Amino acid sequence: MEKFSDAVSEALEKAFELAKDAKHSYVTENHLLKSLLQNPGSLFCLVIKDVHGNLGLLTSAVDDALHREPTVVEGAAIPKPSPSLQQLLLNAQEEARSMGDEYLSGDHLLLAFWKTTKEPFASWRKTVKTSPEALKELIIKLRQGSRMDSPSAEENLKGLEKYCKNLTILAREGKLDPVIGRDEEIRRTIQVLSRRTKNNPMLIGEPGVGKTAIAEGLALRIVQGDVPESLKDKHLYVLDMGALIAGAKYRGEFEERLKSVLKGVEASEGACILFIDEVHTLVGAGATDGAMDAANLLKPALARGTLHCIGATTLNEYQKYIEKDAALERRFQPIFVTEPSLEDAVFILRGLREKYEIFHGVRITEGALNAAVVLSYRYITDRFLPDKAIDLIDEAASLIRMQIGSLPLPIDEKERELSALIVKQEAIKREQAPAYQEEANEMQKAIDRVKEELAALRLRWDEEKGLIAGLKEKKNSLENLKFAEEEAERTADYNRVAELRYSLIPSLEKEIRLAEEALNQRDGRLLQEEVDERLIAQVVANWTGIPVQKMLEGESEKLLVLEESLEERVVGQPFAITAVSDSIRSARVGLSDPQRPLGVFLFLGPTGVGKTELAKALAELLFNKEEAMIRFDMTEYMEKHSVSKLIGSPPGYVGYEEGGSLSEALRRRPYSVVLFDEIEKADKEVFNILLQIFDDGILTDSKKRKVNCKNALFIMTSNIGSQELADYCAKKGTIVDKEAVLSVVAPALKNYFSPEFINRIDEILPFVPLTTEDIVKIVGIQMNRVALRLLERRISLTWDDSVVLFLSEQGYDGAFGARPLKRLIQQKVVTMLSKALLKGDIKSGMSVELTMAKDVVVFKTKTNSVV
């Protein structure tokens with residue numbers, strides 16, 4: 001028989017390489033032994049560990065023996081197998097035949113080594129005190145009835161240890177986070193596991209609601225003994241799909257590995273429970289060219305009840321993969337894991353707070369926990385509690401931890417001040433005049449003073465860092481003592497429990513309390529080690545782009561004078577400006593309805609009166625740039641099918657994967673001004689989509705994903721009823737009543753929009769035609785924009801009243817509003833100035849004054865210092 005397992009073939013190759021590298025003429029059994037010991041995960045080493053053999057001692061003895069081997073000169077022949085190695089392999093083959101195996105594996109080699117009289121193995125074997133017969137019995141037991149019938153069979157022994165992680169051991173070592181809440185789901189899981197057949201729970205829930213945590217909670221309960229007798233002393237293994245797939249080169253190798261895991265679970269006779277996270281990945285795994293997938297390997301064992309298995313998957317994957325396979329579905333008992341309530345999520349965070357405080361070395365306030373849950377629930381709508389709230393706490397704590405390690409702002413400012421003084425002193429030293437000597441002395445005194453202040457600040461910083469580091473160390477020690485107390489209670493070491501519970505732990509808790517008080521009582525602290533609600537709000541703002549931080553004084557002042565700011569750009573529309581300003585103010589202080597958008601407005605009026613300009617002005621005030629506005633020209637949505645442009649194409653159509661222009665824009669920038677320009681041009685189907693957005697603040701796209709629209713401000717513009725509006729204003733004059741104006745345009749609105757659409761609009765705002773006084777103000781606004789562009793070239797621009805009068809008279813048209821005015825300024829002013837700049841008549845540093853000469857705008861220049 002010359003069939004070797006993959007592991008033995010690899011070991012023989014390495015043995016030849018070792019002999020060649022060491023310039024040995026023969027490959028001996030010691031070279032083979034050395035190569036086998038270099039793979040601690042091999043069957044050879046695993047069996048030695050099971051008989052409590054000292055691998056380190058054996059490795060040292062083999063190294064010494066190889067050093068004593070004679071070497072040959074350069075260019076000698078390739079080393080040949082020694083007679084003793086050949087005899088060892090023959091003995092191993094005999095062991096393989098006696099055990100009915102087709103392939104020679106590591107355990108056969110170990111049995112052959114066990115009978116050898118060659119040193120150093122013979123001397124080392126005496127330290128183990130295990131007979132060859134006992135070793136053979138152990139190997140047979142270890143194999144659990146499997147035979148070496150393939151080259152990879154050796155790799156698949158001990159499949160549980162190789163391809164799974166033991167959660168029970170991790171729980172016993174204190175490496176799992178505490179599982180708070182979820183008692184009902186854990187009890188239901190235990191109930192299903194206690195059944196005679198089909199004892200396989202399937203945890204189904206959205207990502208981040210705590211499915212994996214339920215499995216970890218079960219492992220913690222098993223360790224604590226808080227389970228029924230049927231589950232006591234059980235081991236919970238989690239399947240590592242990465243390890244299972246990695247390195248599976250040949251067809252059938254993946255299935256063989258999975259089979260070895262299942263065999264290990266079955267052979268334990270109920271002592272092992274297998275947890276498969278993302279169980280849907282097994283459906284279809286390994287299935288090529290009509291071969292069975294991995295899920296089919298599970299079915300027989302699941303049906304018999306010999307395999308205790310807990311699965312976990314999301315609702316979508318369960319419907320997509322598991323429900324399609326009815327035979328697999330009926331072998332699992334579904335347990336639905338719902339998202340916890342806000343109160344339960346806060347309760348979960350309280351349980352995890354200590355772990356995060358110890359890891360980051362910070363203090364997390366109760367307010368921060370509440371803020372993390374409430375703000376994540378309101379603003380991060382595409383994820384689920386408690387995962388998103390835990391992530392907020394973790395990121396906020398890491399931000400504080402990073403700041404503790406960075407240079408505090410007061411020290412940074414002092415260092416900059418010191419650098420500036422030293423540079424100034426060096427400049428003064430270069431001046432030889434006696435008059436500068438006194439100034440140099442004063443400068444030296446200032447440098448000495450700043451150095452003293454900097455030294456004092458650094459000393460305070462070092463002290464605070466030391467206190468925080470000491471506090472973190474004490475909290476770590478406290479956690480270790482609490483873990484030791486639990487361990488002692490499990491092993492019934494009650495003397496140790498009493499010592500820890502009533503002496504060591506209270507003493508350390510008192511030290512921590514005193515250290516925290518000492519840290520809090522320090523005046524003028526340089527380091528902030530507390531995570532509060534303001535920091536949580538900052539992290540939410542960084543994630544979503546929604547400014548949810550508590551309003552700063554500057555922002556409050558800006559919102560109070562919002563009307564004045566808007567009136568600087570939009571003239572003659574007091575109704576619209578007041579209504580929009582009130583909506584934004586109520587939203588920013590948190591008093592608006594959280595289940596609806598910030599505001600839904602319909603701007604009605606003739607063209608060129610400032611409807612679109614007001615939307616642009618809002619975007620600039622809220623986001624500091626006009627481009628932040630999401631604008632849709634509704635003339636592009638006149639066909640019935642064009643609704644797919646907004647929410648995405650349906651499945652099977654071109655562009656399905658790309659998403660919709662509205663849904664994707666709001667997903668990326670949920671806090672936006674959304675403008676639907678000329679809404680009356682859109683098809684009726686578009687209005688049906690908008691109903692859902694305006695009422696619930698939710699948009700469902702073509703992929704059934706919900707997009708949060710509750711932080712957006714929606715503005716629609718329309719020309720409906722503009723003629724009636726113009727006629728009414730012409731009769732009544734400039735001062736008009738808003739309700740009276742709306743009553744004029746109401747019939748036209750009802751003819752075009754459905755009642756349910758009108759009912760969802762917060763306010764319909766009429767834009768009245770502009771008066772002559774309004775046009776004069778607009779001339780000033782437009783001319784100021786031209787002047788600002790020239791100021792960038794260091795050119796000052798002024799104009800007299802005659803220019804304003806000419807432009808306002810020539811640029812106003814009742815039918816077109818203020819738009820012709822912009823074109824007139826472009827033709828009469830901007831074009832003239834552009835030509836003068838190109839000719840060199842106007843240069844940088846000049847002042848330009850515009851005036852009228854025979855109905856033509858002309859300019860005068862004079863040289864002036866313009867900054």
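All residue numbers here begin at 1 and follow the chain in the order shown.
Glycine is no exception: its Cβ is also placed from the backbone N, Cα and C atoms.
DSSP assigns Gly208 (ATP 1 binding site) to coil in the three-state reduction, outside any helix or strand. If you look up Swiss-Prot, you'll see Gly205, Glu206, Pro207, Gly208, Val209, Gly210, Lys211, Thr212 marked as ATP 1 binding site, on the strength of similarity to another entry.
Taken residue by residue with DSSP, Gly605 (ATP 2 binding site) is part of neither helix nor strand, so it is coil. Marked as ATP 2 binding site by Swiss-Prot: Gly605, Pro606, Thr607, Gly608, Val609, Gly610, Lys611, Thr612.
Mean pLDDT of the predicted structure over the coiled coil (390-524): 72. Residues annotated as coiled coil in Swiss-Prot: 390-524.
Break the domain 'Clp R' (1-145) down by DSSP state and the numbers are 88 helix, 8 strand, 49 coil. Residues or ranges marked as domain 'Clp R' by Swiss-Prot: 1-145.
Summarising the annotation, Swiss-Prot assigns region 'Repeat 1' to 4-69.
Residues or ranges marked as region 'Repeat 2' in Swiss-Prot: 81-145.
The region 'NBD1' feature in Swiss-Prot is assigned to 158-339; the stated evidence is similarity to another entry.
What Swiss-Prot records for 340-545 is region 'Linker'.
Under the heading region 'NBD2', Swiss-Prot lists 555-769.
According to Swiss-Prot, the region 'C-terminal' annotation covers 770-867. Residues of the region 'C-terminal' (770-867) grouped by DSSP class, helix first, strand second and coil last, total 52 helix, 20 strand, 26 coil.
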Query raised in the report: Hey, of the binding-site residues listed (Gly205, Pro207, Pro606, Gly610), which one tops the CB count within 10 A?
Result: Gly610
Report summary line: Nearest by Cα to Glu206 (ATP 1 binding site), of the binding-site residues Pro606, Gly608, Gly610, is Gly610
Query raised in the report: How far is it from Lys611 (ATP 2 binding site) to Lys211 (ATP 1 binding site), counting Cα to Cα, in Å?
Result: 51
Report summary line: Nearest by Cα to Thr612 (ATP 2 binding site), of the binding-site residues Pro207, Val209, Gly210, Lys211, Thr212, is Pro207
Requested in this report: Count, for each of the binding-site residues Gly208, Gly605, Gly608, the other C-beta atoms lying within 10 angstroms of its own C-beta, and report the residue with the smallest count.
Outcome: Gly208
Report summary line: Rounded to a whole number of Å, the separation of the Cα atoms of Gly605 (ATP 2 binding site) and Pro207 (ATP 1 binding site) comes to 48
Report task. Quick one: of the binding-site residues Gly208, Lys211, Thr212, which has its CA closest to the CA of Val609 (ATP 2 binding site)? Result -> Gly208
Query raised in the report: Got a sec? Which of these binding-site residues, Val209, Thr212, Lys611, has the most Cβ atoms within 10 Å?
Result: Lys611
Report task. Count the Cβ atoms, other than its own, that fall within 10 Å of the Cβ of Gly210 (ATP 1 binding site), considering every protein chain shown. Result -> 28
